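Features as listed in Swiss-Prot:
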DOMAIN    2-159  domain 'Obg'
DOMAIN    160-341  domain 'OBG-type G'
BINDING   166-173, 191-195, 212-215, 292-295, 322-324  GTP binding site
BINDING   S173, T193  Mg(2+) binding site
DOMAIN    359-437  domain 'OCT'
REGION    450-485  region 'Disordered'
COMPBIAS  452-468  compositional bias 'Basic and acidic residues'
Amino acid sequence: MPRFVDRVVIHARAGNGGNGCASVHREKFKPLGGPDGGNGGRGGSVILVVDPQVHTLLDFHFHPHVVAPSGKPGAGSNRDGAAGIDLEVRVPDGTVVLDENGRMLADLVGAGTRFEAAAGGRGGLGNAALASRARKAPGFALLGEKGQERDLTLELKTVADVGLIGFPSAGKSSLVSTISAAKPKIADYPFTTLVPNLGVVSAGENTYTVADVPGLIPGASEGRGLGLDFLRHLERCAVLVHVVDCATMEPGRDPISDIEALEAELAAYTPTLQGDSALGDLASRPRAVVLNKIDVPDARELADFVRDEVAGRFGWPVYEISTVSRDGLRPLIFALWEMVKKYRDAQPVAAPRRPIIRPIPVDESGFTISSDGEGGFIVRGTRPERWIAQTDFNNDEAVGYLGDRLARLGVEDELLKRGAKPGCAVTIGDVTFDWEPQTPAGVDVTMTGRGTDIRLEQTDRVGAAERKAARRERRQPGESGGEDS
């Protein structure tokens, strides 16, 4: 039997963005070709996709690292790097995604449902994209951003209409194998079923699914036995069925006490999907009771004796069956279908809607400055930290461009207000450097000559405006001479 895994921790790492390219256009008879470095490609993202053909998380148990490809760097002649291909990871229907703190990020139900587990990094800009009127020929490019990287917990919660619960060896697996084509492991010792088993049951022209959950014992909601690991599979079941062993010889066991003990465990269990599921908690689900093994004479007598008491105390329908002689199975199959149908009819049918995208403006201009306790300062903010990651500190011009951007954002002025002195340590992101003011406060940083091509300043080529002014001056003497004559 294939190994069943319903809870794994994966390490998702998206691809990094490609670096931008710093190059100059070279062509015959064009000495001032200008910058033509292309942008880097976007890194690939890690996307979880529901696949109905996948039924377990076993692959992630052996291969927990999921890595998407990175983007390609830019090249000369304005060639942008290729974007990394998104990595689509197939997961079973009913997978719940949790973050490191146990907070639910996504509940993946339905074939084709997608969730971006890790976003790819943005590609760096080439020097062609960085060129401006004040910086005509940048000799640098921006680095690509790193892709998102985080640990995620995947939990599989079986999607079934009916969930069978009961003590070990109550006959749940036998019932599933009898009313469906499922072939679970069946034996005459407790905890034979170690994994949930799903079966598709036909009630005339209608079908529904039944889940056989491993046997529960008192204390399952606190971790005893196997119940805590598999109670989560009951969260999506619309109907819960108590399978009671009427032929048990264990002391202190009877149908009434078995049902009460299991109900106490269901009431103590807190579903992960309680706040987001339309089913509500486990205590509010419709119930049914199945008195099993009535092919044994003593078991039939006990079932006839407690049938009315169970129905009167709990108010649930009671059915007497035998998976060996198949007595009572047909009425049970159709009765469960009626309960499932009643639940399905009560669910509102969502009309197909056209998706409407309303982008939310994100203000990334904010930043905070705090003291590090040793005479230095720590700058935190989306833009400053991203700019640090994009800067090639081996390129003096790129470092100067970073300083200009920080000054325009107001970081430099705020450091001066907080008493920062030249040479003090300033930490932004993962980089700590000795701070030196770029320009005195109040001076426009774009007036600096950084990032310009000195050849453009030395050229004697006459511009269009200068030629127009020269023509105007040449006309003026002729016009005045004509008036004198």
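Using N, Cα and C of the backbone, Cβ positions are placed for all residues, glycine too.
Structure with Swiss-Prot features highlighted.
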residue : record              : Cβ within 10 Å
G166    : GTP binding site    : 24
S169    : GTP binding site    : 20
K172    : GTP binding site    : 31
S173    : Mg(2+) binding site : 25
P214    : GTP binding site    : 23
K293    : GTP binding site    : 25
S322    : GTP binding site    : 23
For the domain 'OBG-type G' (160-341), what is the mean per-residue pLDDT, to the nearest integer?
77
Would you list, in sequence order, the binding-site residues among P214, K293, S322 whose CA lies within 10 Å of the CA of S173 (Mg(2+) binding site)?
P214
